[in-house]
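Record features, source Swiss-Prot:
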type	residues	note
DOMAIN	5-201	domain 'Ch-type lysozyme'
ACT_SITE	10	active site
ACT_SITE	92	active site
ACT_SITE	94	active site
REPEAT	200-219	repeat 'Cell wall-binding 1'
REPEAT	220-239	repeat 'Cell wall-binding 2'
REPEAT	241-260	repeat 'Cell wall-binding 3'
REPEAT	261-280	repeat 'Cell wall-binding 4'
REPEAT	281-300	repeat 'Cell wall-binding 5'
REPEAT	303-322	repeat 'Cell wall-binding 6'
């Protein structure tokens, strides 16, 4: 939990392996540490910087511009490399925008939604002029209220001079200086997390994780809701992880921490959509304002091809969305229909 007027620094490999000195200068141990950039770069100093500080979040430097599919790939790369549990994951969007502000906004929103779907609170970081020129930040706030972290330095003398505050709606944190390192102040209290109390304790042995209830029993061959999350335990009481489960003729997916997935999930190279009960959806899926099609055979999302549904043919874009104006070199047999 961070409160109004708390301070923190954000760090990357630029700050080196030893950040104890700048933490002491700042008078805090709070950090937001860079994890990744694009889909290949990882901060080589990450482990050391995490060990020396108290991370309140992590950030990813985006290179996806206005490409939603690339934003999804970058978000997944970011999520796959989060080293420890935190509340906030940050989209650092300050370079390589496309010339289309709406496309940029859509890509940012998709990235942030994947962060939210994974159980984190998404934050948008940039500076005011760049944001006003390239992103509709009000759309971001409509979906993720109070999610902005904005840089604005004024005299950049190391002090938080509110005469130079970059006034915008929805700012949670302000990066007020980069001299001699990035300095930040919290403007809004964290909301209290309402996490259900668990009625037992997680245990681990050489075979995996299991859950010991307070009365000494443990779940097996069943679903169990623990801390507001559903898990499935096998016949020996071990939690299933990173695998598909067929139960009552429906398919479910358990994440690497055992939690049942709802919403979108990337398994291997394929996207799937799970409903609110966790069951895999086939056929048409309406998500936000877009339509997607999941195959009846395997449930994977169709992309960059025509599909036949009912009496009509539909074209699904490379990001899986139903095309408004399908483009093709050879019209398939049958009627082309666009919803």
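The backbone N, Cα and C atoms fix where each Cβ goes, glycine too.
Since the structure is predicted, the reported quantities are computational estimates derived from the model, not experimental observations.
The Cβ neighbour count for residue 10 (active site), using a 10 Å radius over every protein chain in view, is 26. When the active-site residues 92, 94 are compared by the number of other CB atoms within 10 angstroms of each CB, 94 has the fewest. The average pLDDT computed for the repeat 'Cell wall-binding 1' (200-219) is 89. Beyond the repeat 'Cell wall-binding 3' (241-260), the same-chain residues lying 6 or more positions past its ends with a Cβ under 8 Å from any Cβ of the stretch are 119, 208-209, 223, 229-232, 267, 272, 274, 278-280, 299. Note: the Cα of residue 92 (active site) and the Cα of residue 10 (active site) are spaced 11 Å from each other. Across the fold, the C-alpha of residue 10 (active site) and the C-alpha of residue 94 (active site) stand 15 Å from each other.
The DSSP secondary structure for residue 10 (active site) is strand. Annotation note: residue 94 (active site) sits in a coil segment as assigned by DSSP.
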